[in-house]
Amino acid sequence: MEMKTHYIDGAMYIGCSEEHFTTYNPANGEPLANIKQANQSDMEAAIESAKRGFEVWSAMTAIERSRILNKAVAILRERNDELAALEVADTGKPIQEAIAVDITTGADVIEYYAGLAPSLQGEQQPLNENQFFYTRREPLGICAGIGAWNYPIQIAMWKSAPALAAGNAMIFKPSEETPLTALKLAEIYSEAGLPDGVFNVVQGDYRVGQMLTAHPDIAKVSFTGESGTGKVVMGDSAKTLKQVTMELGGKSPLIVFDDAKLDDAVSAAMVANFYTQGEVCTNGTRVFVHESIYDDFVAQLKTRTEKLVVGDPLDENTQIGALISKEHESKVLSAIESAKASGATLLTGGYKVTDNGLQNGNFVAPTVFIDCDDSMSHVQQEIFGPVMSVLKFSEEAEVIERANDTDYGLAAGVFTQNLSRAHRVIHKIQAGICWVNAWGDSPAEMPVGGYKQSGIGRENGVETLKHYTQTKSVLVQLSDFESPYA
């Protein structure tokens, strides 16, 4: 079996460690590759490479950096389908999703920041006839990106794009579950002309993350993952006063009012729960439906959910793919059993799919529970699988209070034809990413991130680029300096 390793100093890096692990295809359980586990010596090699790369990259003009990033965008788009197929093998998601979204939206973000890079500027202000000051936005240095396994290459692009556009170097650690496409991204960056060492990839488990958060030469850590892990990463980073961005978990509400377009609302609920087989941090897993349309909503939801195609992720007709691992599949199935035991009514799904040659994969049927109560564990806890909870509500004030009754605050959505109500409700919802009569779109221009336990900082948008810089203030004296000392 092929041995995959790290990408350091513009090339594949064999590394010093003899330890390795195997990554598997979630759809059939077959091994994909053996992966080298980085040790401290490998990490030091990545750090030294990043230092050298940073000196070259940060000295280039913003226009020069922009041109190189745009070359990478062109290569990514040219190889979209090839990269999508590898992403499917790594993640188990349907090929129709990977082709349309994963590489495309990541490339969009790189292109966006390539355009923004030349706009980074400081300010100048006169103080009096003898003094003025100016500011410079300077790169932080070496930044670390720690990725998740649901959108591996997209996350690598989302994290690297603003970091590189601002003149930083990055060391990226993909999830050990999905280590392959980050290596392809590194190769593409090099092919586009990125100086050696500016984007490095180190492979491994949580120990590599600990090396990154502990290393004094890392200036910033951007992490995507589960909230509990994020707190550990943030705590470790604080010991050396690293800047952090945390994109964490959620238990997001989708609110459907009585005047909503029913077809659209059902479509959104399905996207918000079954896209990428439910392995999306922004999933709207708590679907609140007004009592007057509840029965019609549930009836249409059942009919349409049962038509979804669960199957081979490489089949273009497949709509629901495989969960990332056997362990995660077991966790999702356990949550389903807990929901049944709690008294919720299983509307559809709720089982492992094994027919049509899927017995060796990690497939769970799209699942919907009705007659749910806010206190039930499956309503409160993030499941990260294709499991939807439908809840009934009567009044606007009531549903706002219930929607906010969670430790999370990542996303929220409202479906209504009443524009005043839409804005009024969204303004009261405690969530960082909100949609009105839509769900899931996340354009490069829009900053995304969570409230409460769902994160700190933002990905995408103008403000994220600024967070990969530090401000230097320079005061200039035009006249003789007057000392208070003789």
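Heads up, the Cβ atoms here are built off N, Cα and C, so glycines get one too.
Record check, Swiss-Prot: NAD(+) site residues include Gly147, Ala148, Trp149, Lys173, Pro174, Ser175, Glu176, Glu226, Ser227, Gly228, Thr229, Gly249, Glu382, and the candidate from Cys281, Cys372 also listed there is Cys281.
Secondary structure at Ser227 (NAD(+) binding site), taken from DSSP and collapsed to helix, strand or coil, is helix. The two recorded residues, Cys281 (NAD(+) binding site) and Leu241 (K(+) 2 binding site), have Cα atoms 27 Å apart. When the alpha carbons of Ser227 (NAD(+) binding site) and Gly455 (K(+) 2 binding site) are compared, the span between them is 8 angstrom. Across the residues the record lists as binding NAD(+) (Gly147, Ala148, Trp149, Lys173, Pro174, Ser175, Glu176, Glu226, Ser227, Gly228, Thr229, Gly249, Cys281, Glu382), the two Cα atoms farthest apart are 24 Å from each other. The Cβ neighbour count for Trp149 (NAD(+) binding site), using a 10 Å radius and every protein chain shown, is 22. Each residue contributes its Cα atom, and for Glu247 (active site, proton acceptor) and Gly455 (K(+) 2 binding site) those atoms are 5 Å apart. In space, Lys159 is the closest of the recorded positions Lys159, Leu241, Lys452, Glu459 to Gly147 (NAD(+) binding site), judged by Cα positions. When the Cα of Glu176 (NAD(+) binding site) is compared against those of the recorded positions Thr23, Lys159, Leu241, Gly455, Glu459, the shortest separation belongs to Thr23.
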